[in-house]
Amino acid sequence: MGGGVRALMRRKQVDSERARPAGSSHQLRKELSITQLVAIGVGSTIGAGVYVLVGTVAREHSGPALTLSFLIAGIAAALSAFCYAELASRCPSAGSAYHYSYICVGEGVAWLIGWALILEYTIGGSAVARGISPNLALFFGGPDSLPWILARHEIPWLDVVIDPCAAFLVFLVTGLLCVGIKESSFVQGVVTVLNCFVMLFVIIAGSYIGFQTGWVGYKVAGGFFPYGANGMLAGSATVFFAYIGFDSVASTAEEVKNPQRDLPLGIGTALSICCSLYMLVSVVIVGLVPYFAMDPDTPISSAFARHGMHWAMYVVTTGAVLALCSTLMGSILPQPRILMAMARDGLLPSFFCDVHEKTQVPVKSTILTGICAAALAFFMDVSQLAGMVSVGTLLAFTIVAVSILILRYVPPDEVPLPSSLQASFRLSQENDEEKLRDTLQDEDHEQGTSEISDVVIESVMDPLIEKQLYASKLDETKRRKTAACSIASVCIGVLVLTTSASATFLPFLVRCFVCAFGGLLLLTGLGVLCWIDQDDGRHSFGHSGGFICPFVPLLPVMCILINTYLLINLGGGTWMRVGVWLVMGVFVYIFYGRTHSSLTDVVYVPVAQANEIYGSASSSGFVA
């Protein structure tokens, strides 16, 4: 039992390149610049949802205050983006949230995060591919006007509607991703730019119409907040998921030329562009048509049609198709890198970490990902499973924020030593013990055993020496324990607070009491973290010179609170389906990952000692 708990808590080292030989067959090619990162981030984030969300959220939640809903959701997403930016620049390796949690939290949590992300990207890619064919059919005259070979067909005896067009598009994107990261990011950049031009057309043409007609949507009887502030906040929770996708940038960290500079800029710029476009589109569309008269399915096309611009439907549909294609690429791109990172660590078979010699991308993992996503898109309507995508993302956002707190207050002070260096480590330990024994024996002969004992006792009892040797170490140990308990208090408090606040079936007084208890735990932990000092080891954690997350611990704690609240409110059905997948992952870990992990029987040594061992190994010409 104790060995199983230790296995769940073992952590790998930050510098993953140190653990892999130079010229390893598992290395990815560094090709990406900041412009390509922005293209990946914007392309993965702006999907066809924006062409639908503005109508649904305005009608049901926000009204004309839709723009503020997008702004608040963008700020909430920025909290996670700040955390991602620091960890991505400090630990620029494939794996994204899985990699960060493995370094900061432990193997058990990292496995669950990686397993949840696999589900997220597979279902996300399938759902996006299924949404392309209905939009594409509009160019052929109607919803059912695609050519027979691409059109949807129902298999009566199985009650299944197959979608050849969706499967074909998944295979097309998979082939493009196998060509190389530089080529695929270029194509995604072109598609993203075209989609942005469509959104700019909506903004410019809609503004012209709005100034001509007097912005009738803002002159409704209900005012700017017809559903009140609560409605606006409910709309923010809904449109928050329109910002999911910027984490795809972090998954390509190992392929970035200058990760310390480009990754934070890429994540921040992509999120800023998305937020600006969302807000501008919502300002225009809500002003053209009263919120209660919006078409919930095609709000933008119908808004232009109301003012005589029926041809604009084709422009908007083009934007929706381009957005879906770009999002499809953003959904399939990260998963092979997650699989590769998990296979590198021994948690999955080595098949997944093979990198093609010519293209230097994980071709085998990419092809397998494409086959699974294409099969789902071909046979199954996964729209009812779309909520499972949000679980993986929100879990990743939450654990990344927790990792920031751990990095700042209790960063790992021991690192695993590779098995190839453990022999030299034990030899150096034996040599040190032998030298110490010889020294004590020599002194014993010269001065006598009793004199040595007196000197040792006097030295230990000397208050000045005791203070110099032990006081600082004891204080630091106490500070780390206090910080760890405070982080645990924050996490437990957030979980209790959000769960009780969402448990409407409980009596009012019980909910108030439990909420107060959770809030007390949260505020106590946050207060202690604000009061104590951060760990000096944070300065040497990973690569230096990158982005530093501001307002720690307040910003990560807010991120944990928001994401946990959204997780709790995803619904019982979604959690039951995700629970089945996570239980499957637990069995895979127990029967394969736990015993095949690269950290099995590993020796942990202090960071300073590990650096000395690596330095002596490199000076002697030994390569780990």
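Cβ coordinates come from backbone N, Cα and C, glycine included.
Annotations in TrEMBL come from automatic prediction, not curation.
Taken straight from TrEMBL:
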REGION    1-26  region 'Disordered'
TRANSMEM  34-54  transmembrane segment
TRANSMEM  66-85  transmembrane segment
TRANSMEM  155-179  transmembrane segment
TRANSMEM  186-211  transmembrane segment
TRANSMEM  265-291  transmembrane segment
TRANSMEM  311-333  transmembrane segment
TRANSMEM  361-379  transmembrane segment
TRANSMEM  385-407  transmembrane segment
TRANSMEM  483-502  transmembrane segment
TRANSMEM  508-532  transmembrane segment
TRANSMEM  544-568  transmembrane segment
DOMAIN    547-597  domain 'Cationic amino acid transporter C-terminal'
TRANSMEM  574-592  transmembrane segment
Contact set, same chain, for the transmembrane segment (186-211): CB under 8 Å, 6 or more residues outside the stretch: 35-36, 39-40, 42-43, 46, 50, 176, 273, 277, 280-281, 284-285, 287-288, 300, 303-304, 307, 309, 312, 315-316, 318-319, 322-323, 325-326, 329-330
Feature contact check the transmembrane segment (311-333) with the transmembrane segment (155-179), CB under 8 Å, 3 or more pairs: yes
Intrachain residues whose Cβ lies under 8 Å of the transmembrane segment (544-568), provided they are six or more past its termini: 76, 79-80, 82-83, 85-86, 88-90, 237, 240, 259-261, 263-264, 390-391, 394-395, 397-398, 401-402, 404-405, 408-409, 490-491, 494-495, 497-499, 501-502, 522, 526, 529-530, 534
Range from 34-54, 66-85, 265-291, 385-407, 508-532 with most C-beta pairs under 8 A to the transmembrane segment (483-502): 508-532
Touch test for the transmembrane segment (66-85) and the transmembrane segment (385-407), at least 3 Cβ pairs under 8 Å: yes
DSSP-derived helix, strand and coil totals, residue by residue, for the domain 'Cationic amino acid transporter C-terminal' (547-597): 40 helix, 0 strand, 11 coil
Other parts of the chain folded back onto the transmembrane segment (34-54), taken as Cβ under 8 Å at six or more residues beyond its ends: 66, 128, 131, 135, 182, 185-186, 188-189, 191-193, 195-196, 199, 238-239, 241-246, 248-249, 252, 256, 261-263, 265-267, 269-271, 273-274, 277-278, 281-282, 285-286, 294, 296-300, 316, 319-321, 323-324, 326-327, 329-331, 333
